[in-house]
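As written in Swiss-Prot, here are the features:
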MOD_RES   56  N6-(pyridoxal phosphate)lysine
BINDING   83, 189, 190, 191, 192, 193, 315  pyridoxal 5'-phosphate binding site
DOMAIN    339-413  domain 'ACT-like'
C-alpha cells in the first residue's frame, strides 16, 4: 500500500467538515496594542482559546477519525511534549478509544495533568525520555509491540490536514471583515502547523508571505531547509520552548515547508519570555512559550511589516504557572536588566555597607545575596544578583564591581554557572 505523503486543499476542506462540530471556531482579533507598537494592523488567531487551549486538537482528531473501525479497536498511541497529547486524549474520550500517551519527563506538570483530565479513564500516560525525540522512540517501539496505531504529531498527512483547517477558518473570518493578510507568522516545532497553513494559503491567499518562527535553541526546520537542504537532526536543543523544541522535523513537513514557507525567523528564548510577560500584562493573554513565538518574531520583522496587515497564530496557552519565575528570570537576562556576580567579599564589619555605597547605583536593587562567613580567611565568596532600572547602566555597574573586586566573575556570560541559579 502506498503511503500518502502530500497534502492538498481538498484534504483540508474534508478535514474541515469532519471537525466542524468538534473544534471551536477561535477568534481572529485585531490587536490594538501590537498594531500601535509596530505601526501596522496585527491580527491574532487565538488558538489558545481552543477546547484544549491549543491548535493540536485539529490534527489529532482528524488523524484518528479517518482510521478504520478495526484499527480504532486496537487502540492508539502518541508521543508529545503536551499539546498533541491533549488533542489525542480529548479525541480518545470523545470516540471512546483506548490510548497510551508518551510524554517527555521534562513536560510541565500542568500539561500532564490536562492530558489525564481530557482523557480520563480512556488514557494511560507514560513519562519517558528527556526530549521529544527520545520519547518518540519509546512510543514507536511500544506501538509495534502492541500492534496499536501511532498518531504522529506532525509527520502525517491527516494531522497536517487537520492543522490546515485553521487556515481555512482564518481566511473565511478575514473575508467576512474584508481583510487581506500581507504576512502570516506561525510557530514551527515539527512543522505540522506551518505545513497545513501554508498549503491552504498558497492557493487561496498566494500574496501572503508565510513566515515560520522557531526558538533559536531548536531551529530544526531552518537548519534542514535553508542550511542543509535535507532533513537533519540537531545534536542538542534548548527544551525551554517545549511545544516547539524538536530536534528533527518530519520528512513530509520538510518538503511542504521547503516549497511554501517564504522565510524563517529564530527567536531567542529570552525574547519569548519577554513576549509572554508583555502579552499577559498588556493584552491579558496567557500564552505558552510556543504560543508566543509568532508575536516575538514581529520585532525581527518590524521594518518589513510597517503599514501592512499581519496575522500571528497564538498556537497554545497551556502555560505552567510554576514556570513563571524562570520566565521572568530569562526575560530580565535577555533585556540585560538582571546581573549576577561572584565576588571575594572582605570579612570585616561595614563591608556590605561599603559595597552598597560604592558599587550600587541609586536605582539598582540587590535581588540575591549568598554569603558564608569563614573566620579563618580574610575574604569570603559572595554570589550577588543586581537588578537595574535601565540596561544602559550595565557598563558603569561592571566598572564599579571591577574596582571593588578585580577578580570577580560575571555569571551571566557563563552558561554553566548561570544554569545553577535558574
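Heads up, the Cβ atoms here are built off N, Cα and C, so glycines get one too.
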State the count of C-beta atoms found within 10 angstroms of the C-beta of residue 193 (pyridoxal 5'-phosphate binding site), not counting that atom itself.
30
Additional residues around pyridoxal 5'-phosphate, ordered along the sequence, whose Cβ is within 8 Å of the centroid of 83, 189, 190, 191, 192, 193, 315:
55, 56, 84, 153, 154, 163, 187, 188, 194, 243, 244, 290
Tell me whether the residue listed as 'N6-(pyridoxal phosphate)lysine' sits in a helix, a strand or coil according to DSSP.
helix
Roughly how many Å lie between the Cα atoms of residue 190 (pyridoxal 5'-phosphate binding site) and the residue listed as 'N6-(pyridoxal phosphate)lysine', rounded to a whole value?
12
190, 192 as binding-site residues, winner by CB count within 10 A:
192
Given residue 189 (pyridoxal 5'-phosphate binding site) and residue 56 (N6-(pyridoxal phosphate)lysine), what distance in Å do their CA atoms have, once rounded to a whole number?
12
State the Cα to Cα distance, in Å, between residue 192 (pyridoxal 5'-phosphate binding site) and residue 56 (N6-(pyridoxal phosphate)lysine), rounded to an integer.
9
Neighbour count, 10 Å Cβ-Cβ cut-off, for residue 189 (pyridoxal 5'-phosphate binding site): what number do you get?
29
What's the CA-CA gap between residue 191 (pyridoxal 5'-phosphate binding site) and residue 56 (N6-(pyridoxal phosphate)lysine) in angstrom, rounded?
12
Please list, for the domain 'ACT-like' (339-413), how many residues fall into helix, strand and coil according to DSSP.
25 helix, 26 strand, 24 coil
CB neighbours of residue 191 (pyridoxal 5'-phosphate binding site) within 10 A?
32
Find the one among the binding-site residues 83, 193, 315 whose C-alpha lies closest to that of the residue listed as 'N6-(pyridoxal phosphate)lysine'.
83
I'd like the Cβ neighbour count for residue 315 (pyridoxal 5'-phosphate binding site), meaning other Cβ atoms within 10 Å of its Cβ, all protein chains included.
32
Would you count the other CB atoms within 10 A of the CB of the residue listed as 'N6-(pyridoxal phosphate)lysine', including those on all shown protein chains?
31
